[in-house]
Amino acid sequence: MNYTTQMDAAKKGIVTKEMEIVAKKENMNVKDLMELVSKGKVAIPANKNHKSLDPEGIGQGLRTKINVNLGISKDCYNIDMELEKVQKAIDMKAEAIMDLSCFGKTEEFRKRLIDMSPAIIGTVPIYDAVGFYDKELKDITSEEFLKVAEKHVENGADFLTIHVGMNRKTASTFKKNPRRMNIVSRGGSLLYAWMELNNKENPFYERFDELLDICEKYDVTLSLGDACRPGCIEDSTDASQIEELIALGELTKRAWDRNVQVIIEGPGHMTLDEIETNMKIEKKLCHGAPFYVLGPIVTDIAPGYDHITSAIGGAIAATHGADFLCYVTPAEHLRLPNLDDMKEGIIATKIAAHAADLAKGVKGARDWDNAMAKARRDLDWERMFELSIDEEKARRYREESKAKSKDSCTMCGKMCAVRNMNRVTEGKDLNMLRDDD
């Protein structure tokens, strides 16, 4: 039986090889996974042209996935450096990578990225439009925007971020409800500017059926971008954000009718007390589609530490329904991240994702923690290092401050609770004062 997309196959009762791979990774029955894909509750982004892909599922009941952003810019046009970042993301087992390149001719980098990457690849075609055509933004036609999107999927992008919900109605709501930070989405601001400069409707909204044609042809997932995500805590959960989310819910159903998979993108900056509500609103308005969030960043006062502010928000968001976390690095709001920034951002986001999986009861999530607890009780340092989310750092810290006793560290020495409880329960002397063990 033939099928066009993962969703089309699922609706027809066909188990694809991608479904089989994802089900095995998630320790779940493939028929259960197929049912979730058929209903849009799980997306498996898998472009037919991405030959090196090791597919992952995003959505209900699955492990929380993370995305790494990278790409070339006008001030940092170094393809080799960005390819080093790609390898770093792959080595650290990020499930997805987004190419946010926004200057010049980006196709060479994009092709090399897709060819070398087993991770899911996402792109934002509007970032590429000015460089692709060597034209000012206002002079690009609606048809040309669609052609850029098609070029990206021909190259093998598994999902496209398109800010389709920034239509005239959303723009009108934005104008009537002033914000402290206006629109902080790069793609959203470009589309809003194009609409204002040309007095026209969002080309991706106006020609949404043509966009769906492209996605269906290549089995590309639509990541419906949040142009009105809050850029500061003062702007969170406002009229513009909710108006756009309503539009995204309507667009989701249109995409599903065409068997195109959908991911919904979300905030942004917001205080801790608003996160759970926002997750529930998205799941309600967007019919249970997978939710992809940036952070949320829970305070605006921590430049240089936004990997922490976002990990706090991300853990809460994923606990209450977010399925996909975009990493944030210490360089956020300051500069393009380097390799060290990347590492910190990936680790912080992976911690948030795993913490949420524990809270959600994702199958197998506790196994890792239970193994670490056993290694700690056994004072098996080598095993602890192997299980650490950052093995290199754990080893380095231990090496930098060595205890005299092999079964303790320099925090407690022979007063180590674990050491002493082990000895007492085994009927051994604590041997607190003598240097020998």
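Each Cβ is built from the backbone N, Cα and C atoms, and glycine gets one as well.
Because the structure is a prediction, the values reported are computed rather than measured.
Close to Y127 (substrate binding site) in the fold, though at least 6 residues off in sequence, lie G71, L100, S101, C102, T106, R186, G187, L190, each with a CB less than 8 Å from its CB. Per Swiss-Prot, substrate binding site is recorded for N69, M98, Y127, H163, S185, R186, G187, D226, A227, C228, R229, E265, Y292.
If you look up Swiss-Prot, you'll see H269, H333 marked as Zn(2+) binding site. H333 (Zn(2+) binding site) carries neither a helix nor a strand DSSP state and counts as coil.
According to Swiss-Prot, the [4Fe-4S] cluster binding site annotation covers C409, C412, C416. The Cβ of C409 ([4Fe-4S] cluster binding site) lies under 8 Å from the Cβ of R398, S401, A403, C416, each of these being in the same chain and 6 or more residues away along the sequence.
Sorting the binding-site residues C412, C416 by the number of other Cβ atoms within 10 Å puts C416 first.
Reported as a whole number, the C-alpha separation between H333 (Zn(2+) binding site) and R229 (substrate binding site) equals 15 Å.
Between the CA atoms of S185 (substrate binding site) and H269 (Zn(2+) binding site) there is a gap of 12 Å.
Each of A403, S408, T410, M411, G413, K414, M415, A417, V418, R419 belongs to the same chain as C409, C412, C416, is absent from that list, and has a C-beta within 8 angstroms of the C-beta centroid marking the [4Fe-4S] cluster site. Within the same chain, residues at least six positions away from A227 (substrate binding site) with a Cβ under 8 Å of its Cβ are H163, G165, M166, T170, I183, S185, G187, G188, S189, L191, Y192, E244.
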